[in-house]
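*Asks:* Below are the structure tokens for one structure; questions will follow.
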């Protein structure tokens, strides 16, 4: 019944950080590394310190070089600044080529017109706080719960916090694989046929694979139907966000995205095909800035990443394949 689809955000937490060319680190870079270590409460062995300083200095230089050029977005230091992109891919992203083109559309697009901008965060208490997936490739679960939390709140006026850990532990029969990855569309199907998902207070997040502990008597949110938006139909995504609720989508994360800080993310290094997506997030709105169309997107790397846990990404160009497998749930309320 369920076609095999790719995994998102999969990957074990490996210790190798990838090779970094030896740098001559200057005093300014050492100062910023020391400050960054204090901010992020980092400690290292002597050997590890030397390696992490090298990686940090390399990332610092990339950030400075990027910000001096004419880009639509700025980079900044964050929790990833002592890691190479090779290490980040092992820890947070699925490193093999992916393909979500098997997702079958059932969305019927209207003719508009639609508002020039939309931000569900400004529509009352209908977008839950930014969460942090931590040391688990579970972005797909946070995209799923974020979409359903908003859909329920919009339909009923009740905001709740749903259990990502239930999806990590229990949704394997729908081609999801816990901390090794999955897709929101498949997670919505699981909730639909499982007849519910528990709240996070009853099924707290631990950020690692565990035994399924679902208790149907404690289910608090339910899915009536799952809507899969047509492959690469970004206009349909706009309609869905404008008229209905936030939309889950996947895209390809490349190195320049990891240090995103502000502005509208756009990249020439990512692919626009459905076979490369490796991270799932939640579109909560859209708009335009200086003639540049963008999506407002909720991430799952904590509120200290990006712009309070959010980022903007260019809209209308299928940037990094973001229109490859978008979906949202219709809640049963």
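Any Cβ shown, glycine's included, is placed from N, Cα and C.
Given the structure is predicted, the values throughout are model-derived calculations rather than measurements.
Taken from Swiss-Prot, the feature active site applies to 139, 279, 299, supported by similarity to another entry. Residues or ranges marked as disulfide bond in Swiss-Prot (evidence: similarity to another entry): 100-325, 136-179, 170-212, 270-320. Annotation source Swiss-Prot lists N-linked glycosylation site at 228. Annotated signal peptide per Swiss-Prot: 1-20, in sequence order.
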*Asks:* Sorry to bug you, but what's the C-alpha spacing from residue 279 (active site) to residue 325 (disulfide bond), rounded to the closest Å?
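*Replies:* On Cα coordinates alone, these residues lie 11 Å apart.
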*Asks:* Could you tally the C-beta atoms, other than its own, that fall within 10 angstroms of the C-beta of residue 100 (disulfide bond)?
*Replies:* 26
*Asks:* Around the C-beta of residue 179 (disulfide bond), how many further C-beta atoms are within 10 angstroms, looking at every protein chain?
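*Replies:* If we count other Cβ atoms within 10 Å of residue 179 (disulfide bond), we arrive at 23.
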*Asks:* Compute the C-alpha separation of residue 320 (disulfide bond) from residue 212 (disulfide bond), stating it in Å without decimals.
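*Replies:* Given the Cα positions, residue 320 (disulfide bond) is 34 Å from residue 212 (disulfide bond).
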*Asks:* Which residue, of the disulfide-bonded residues 136, 212, has its CB surrounded by the fewest other CB atoms within 10 A?
*Replies:* 212
*Asks:* If you count Cβ atoms within 10 Å of the Cβ of residue 228 (N-linked glycosylation site), leaving out that atom itself, what do you get?
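*Replies:* So the number of other Cβ atoms within 10 Å of residue 228 (N-linked glycosylation site) is 19.
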*Asks:* Give me the Cα-Cα distance between residue 100 (disulfide bond) and residue 299 (active site), rounded to a whole Å.
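*Replies:* Given the Cα positions, residue 100 (disulfide bond) is 20 Å from residue 299 (active site).
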*Asks:* Cα-Cα, whole number of Å: residue 139 (active site) versus residue 279 (active site)?
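*Replies:* Here the two Cα atoms are 7 Å apart.
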*Asks:* So which of the disulfide-bonded residues is most packed in, judged by how many other Cβ atoms lie within 10 Å of its Cβ, out of 270, 325?
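*Replies:* Sorting the candidates by Cβ neighbours within 10 Å, the top entry is 325.
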*Asks:* Please report the distance from the Cα of residue 170 (disulfide bond) to the Cα of the residue listed as 'N-linked glycosylation site', rounded to the nearest angstrom.
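*Replies:* Given the Cα positions, residue 170 (disulfide bond) is 22 Å from the residue listed as 'N-linked glycosylation site'.
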